[in-house]
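I have placed the structure first, in the form of structure tokens, so that the comments after it can refer back to it.
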Amino acid sequence: MSAIAPERAGVTTQAIEGSQPVRLAPNYWPFVVPALVVVGAVIVFPWAFTLWMSVNSWTLGQSRSFAGMENYLRLASDPRFWESLWHTLTYTFLSVVAPMFFGTVAALIFDARFPLRGLLRGLFVMPMMATPVAVALVWTMMFHPQLGVLNYLLSLVGIPAQEWIFNANTVIPSLVAVETWQWTPLVMLIVLGGLASVPREPFESAEIDGANAWQQFRYLTLPMIAPFLMIAMIIRTIDALKSFDIIYAMTQGGPGTASETINIYLYNTAFSYYDMGYGSAMVVVFFIVIVALSFILLMLRQRTQWVDTEGK
Amino acid sequence: MSSRLLNKLGLFFVALVLVSPAILFFLWMISLSLKFEIDNGAYPPILIPERFAWSNYAKVFEENNFLLYLWNSVLVTGTATLLALLIGVPAGYGIARLKAERSAIVIMIARMTPGLSYLIPLFLLFQWLGILGTLWPQIIIHLVVTVPIVVWVMIGYFETTPMELEEAANIDGASSWQVFRLVALPIAKPGIVVAFILSVIFSWNNFVFGVVLASRETRTLPVAVYNMLSYEQVSWGPLAAAALVVTLPVLVLTMFAQRQIVAGLTAGAVKGG
């Protein structure tokens, strides 16, 4: 949990001791119980059910039978699954790196004061609020090889027309462009929150000592916002791994299976072929991939914090 | 002095460049939705046509049952958000006061879990219950999106509200429930607004749940617009108009509540689905 709110840990530890005289502490559990029941029903039950389904063989409309590890073994030798895993990792890597870069740059700009800053920031945030399917639809039109506006814009600067999402070689980068367009604002907001907590004084003394802008950024700003960059990176990684709407609405995994990520393959398995047992096994493996990657990033985050305190 | 002004102007232009992909995209979206087929197929492309095709919008509502889908979206998002506030606000309060960091881990896991993993079991459950033809499956599954957002925002909010008033009320003999309802809740109103807005936006935008669970009569707007793309021969104008209709409520909300949204997202960095 502290994964997401570094400032929160500080708040809690302050208030724990001291202000508790001998008095019956108010009981707060009744407030939490309804939510726990709902979470249990919509989150824990499906998980238990998924685990159980994953060791069964069941295509809707046919009879169910216990299959043991069969579904998992089938996954291990399913080339389409390995291919989709590779697509997922490529897509995720690019969809983390690009928004992280643009989002950090944008945060540094929006942290400064300039005319119409509020309005521009509002416009900048719009893409992440827009309905992904609607966005995907308009991008599909813009990517159109003959009538799309993007190829026209490229022709203005002398770049030959591309096939974008209609070509197996360019489909993933094209989808990443859309993902970057939509989710850079989230990175910007998180980093902006980090920049707001950076104190002024060190910069003033650095200025007196003659540090230039790059040195100030590299040795002061960057270490101080590092925890926020890690948070942004963890969130972006989770979201990019899970990305569904944009890919499904624009290519449905195509052309062929060139942009089929695990999530799309999973969807097709469960809801096009109705192979619920196999689909469930895929969900379990997919979740393990997400948790593993998040865990690695969390470990990295612990290290960045540790380095921080060492430096001080 | 003048170099500082120049500096500010420079920043303004860099910011303008950064914002331009967003501005140009939405301008082009509006342009597509207001052009007749012949203008949308023109090369070089036309940004502002000579004649505006307002009929594209009329077509969307006439031919596609869009009013029904709009109503479905309002019902699903509205009910899922209200239910989430009803159980999520007290839960956020309880977790913040219990300092139960661990129970909040559940919410982080909810975020990590792919939406499809809820869909397989719940789809089978709803089918077994025989409620697949109603809006209830979608309302229930949207709780996966809305409850974590509300709880998460409210934990953050209640942790920053002062404890002194609550302690005083407690000493005066108020029950926990009275303290919550009469002391904590009124102070937390701005937090509730943030939770409400974010919950509405991410529930409204949700696509994956509807695409599996919705039948012809129970489609929400994102599913309806996707179906226009895949199953019907529609020209670009009406399609872009439909896309704009779907996302317009959310964009308007974003514009008016920008400050709250930015505050909520920077504090909690939440996103549903």
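Cβ atoms here come from the backbone N, Cα and C positions, even for glycine.
Pulled from TrEMBL:
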DOMAIN    B:70-257  domain 'ABC transmembrane type-1'
TRANSMEM  B:9-30  transmembrane segment
TRANSMEM  B:69-93  transmembrane segment
TRANSMEM  B:105-129  transmembrane segment
TRANSMEM  B:135-158  transmembrane segment
TRANSMEM  B:191-214  transmembrane segment
TRANSMEM  B:234-256  transmembrane segment
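Here the listed stretches are B:69-93, B:105-129, B:135-158, B:234-256, and the one with the most C-beta pairs under 8 angstroms to the transmembrane segment (B:9-30) is B:234-256. Sequence-remote contacts of a segment are chain residues at least 6 beyond its ends whose Cβ falls under 8 Å from one of its Cβ atoms, and for the transmembrane segment (B:105-129) they are 136-137, 140-141, 144, 148, 151-152, 208-209, 212-213, 270-271, 273. Per-stretch counts of Cβ pairs under 8 Å to the transmembrane segment (B:234-256) identify B:191-214 as the leading one among B:69-93, B:135-158, B:191-214. Away from its own ends, the transmembrane segment (B:135-158) comes close to residues 72, 75-77, 79-81, 83-85, 87-89, 91-93, 95-97, 104, 107, 110-111, 115, 118-119, 122-123, 126, 184, 188, 190-192, 194-195, 198-199, 202-203, 206, 209-210, 213-214, 218, 220, 264, 267-268, 270, 272-273 of its chain (Cβ-Cβ under 8 Å, at least six residues beyond either end). Only residues 6 or more beyond the boundaries of the transmembrane segment (B:69-93), in the same chain, are considered here, and those with a CB under 8 A from a CB of the stretch are 135, 138-139, 142-143, 145-147, 149-155, 157-158, 180, 184-185, 188, 192, 195-196, 199-200, 203-204, 214, 218-224, 245.
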